[in-house]
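Below you'll find the structure, written out as structure tokens, and then a few comments.
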Amino acid sequence: MGCAVLLWGWFLLGCSWGPGTPGIGAAALLTGTYVLDDAGGLGRQFDGIGAISGGGATSRLLVNYQEPYRSQILDYLFKPNFGASLHILKVEIGGDGQSTDGTEPSHMHYENDENYFRGYEWWLMKEAKKRNPKIKLIGLPWTFPAWIGKGENWPYDYPDVTAYYVVSWILGAKQYHNLDIDYVGIWNERAFNSKYIKVLRQSLDRLGLRNIGIIAADGDWSISKEMVVDPYLNNAVELLRYTLDKHGLQQVRIIASDRLWEPISVVLLLDSELHGVVDVIGVHYPGTKTVPNALLTQKKLWSSEDYSTFNDEVGAGCWARILNQNYVNGNMTSTIAWNLVASYYEELPFGRCALMTAQEPWSGHYKVEAPIWITAHTTQFTQPGWSYLQVDGHLEGGGSFVALTDGLGNLTIIIETMTHNHSQCIRPPLPRFNVTPQRATFYLKGSFCKVETLQVWHSRLGFESGNSSLFHQLHPVKVQKGSFSLDLNVDEVYTLTTLKTGQKCHCQEPPPPQPFPSNYKDDFNIRNPPFSEAPNFADQTGVFEYFINTSDPGDHVFTLRQVVVQRPITWASDADQTISVIGNFQWVNITVTCDIYIEKPRDGGVFIAGRVDNGGIYVRRTKGVFFWVFADGTYQVTGDLAGEEILMKGLSGVRDNAWHTLTLNIQGTSASGLLNGYPLWENVTISKPTNGWAAIGTRSFEFAQFDNFHVEAS
């Protein structure tokens, strides 16, 4: 009774029943028993937990944070035994196109252009490696520059070209940043091409990059069908292969033919070409389930993008559930969250769908959200290379557990009891299930039979009470006669481990939140910028980079330039115009002033805008008040980015290759515009939108420059 009394008393002290279940006693609990034993072998190897920076400029605002806050955020994400302690960082290989919440610049805008200092992903990978040298790095394209498709919106027609582009990114990471990329993907959530995958593998191997694994296809499970020549034949061959290997006959090749099925005119080998070049089958939002063909391949199975859910307590519940059940239900040995940190304007699509929030570099405010500590329950007590134990993993009263070992005697058990309504991810729909309070008894056998004590870490998500308890260390559990019992309530996470290294670290409280400054200026006068993009501008179509204008010896040497001149191979519906937004989405009354320089003769054009109401994957439908000037000497005022809702138009006298100053003033329901300080149009009635960001942009994919940006708003 000593162990049971101790545990029950400890449980009441540390994890008392919530107000919805008063007076429940031990006798009323549903009970289940579970055996943890490694004597009969181990399960799949654990490959780690990670998160994605990219898939839409999701870390855009992070780089603008001042110290010490930026380093604190990075510590919470990557530093071992501190916060999330991530094992994997997956980044977008920028392709100049819209990839959810913005565009990320390519290292090769054009075929003869290479620059491995654009964007911030290089910096982020280095910061992650600085904190955890063992972190695994993955690169994946969402979009591609137009030159790869040679006029087509498709990256596979010239597989050698696409492979050259991706391999160049890998080589640039090493040459310029001393970063070793561990895995590379194909094309995010788009069709895969077997020929391209093989060419990519050949290109990597030819350059001595055989250690870089290929993840395919970052979408659904369909690639597994192509990797399995015949699922029935493959299954039989696998059994024979296992038997031969068990008896030390690895050198024996298998040639399969079976008259009972159908004549085989071509010899089928287990390792088809595609099977041989894909290292990991990566799937997105699998709902914790896999498919038979994927299992038949015997490849690593990963949920290579998952979560994507608002980072409140329901998001934490979603994350807790899938971190366990992706393996319990689907044999997936890695789960990677989209996205790493919500460092983009919250009103963009999927605002705050991240492990933590850091979207105010101007104030320094950030928030360590609940998913960070849910992550810590796994990442601080396991490492890639550990192995799962062969257990079912389903709890009798609902919920799940996984058990992992390093093979050296250490054991970690992670338990979750998330209820249906408190653990719904944004996708896919979650079938109904029930979770009830329960007692779980674990029997430790095999090499774990001598374990005497387990450290305990606990989280409780308090949805109704609003009083969550996140990642707290409780009294250790004493293992007596090889077993221990634990009373589990709903919506809880436990980690029980032989490791004593876990920590819940706290940095000094960040500054309080503040809105974007209502009076904001940027003259872009920076000779050696640390990043290619100006602070707080969020490109939604096109890429706006710092530029040294050597042709102008006067006031416009340092400018911001839109540099994408061909529509990229798209992933989302990029607008036909380029646009970069900035500021506070709640702005109503606003004055925007900016110097502009049209580089494209005849039909070139630029705009400044206010009350811009959309971006990300919805950028084509963006509304606002847009003040355009064109190289042919005309102007327009439109209510939309597409230029279809014309509110005013006329002659301006603006010409290309000359600097002009535009001013847009919106007050209440009226707007007016100035050119070079003189009124050009006025008294245009504005009914909607009623609020939104400021913005700059161009009429098409064209070169254009901007300088001396200034916004005053309320």
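Positions of Cβ are set from backbone N, Cα and C atoms, glycine also.
Curation plays no part in TrEMBL annotations; they are all automatic predictions.
Taken from TrEMBL, the feature signal peptide applies to 1-18.
Confidence over the domain 'Glycosyl hydrolase family 59 catalytic' (46-239), given as mean pLDDT on the 0 to 100 scale, stands at 94. Residues annotated as domain 'Glycosyl hydrolase family 59 catalytic' in TrEMBL: 46-239.
Under 8 Å, Cβ to Cβ, and six or more positions away along its own chain, Glu189 (active site, proton donor/acceptor) finds Asp218, Gly219, His284, Glu305, Trp571. The annotation active site, proton donor/acceptor is assigned in TrEMBL to Glu189.
Per TrEMBL, active site, nucleophile is recorded for Glu305.
Residues or ranges marked as domain 'Glycosyl hydrolase family 59 central' in TrEMBL: 388-503.
Taken from TrEMBL, the feature domain 'Glycosyl hydrolase family 59 C-terminal lectin' covers 539-713.
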Practice problem: Note down the number of other Cβ atoms within 10 Å of the Cβ of Glu305 (active site, nucleophile), including every protein chain shown. | Solution: 27
Quiz prompt | Three-state composition of the domain 'Glycosyl hydrolase family 59 central' (388-503), taking helix and strand from DSSP | solution = 6 helix, 52 strand, 58 coil
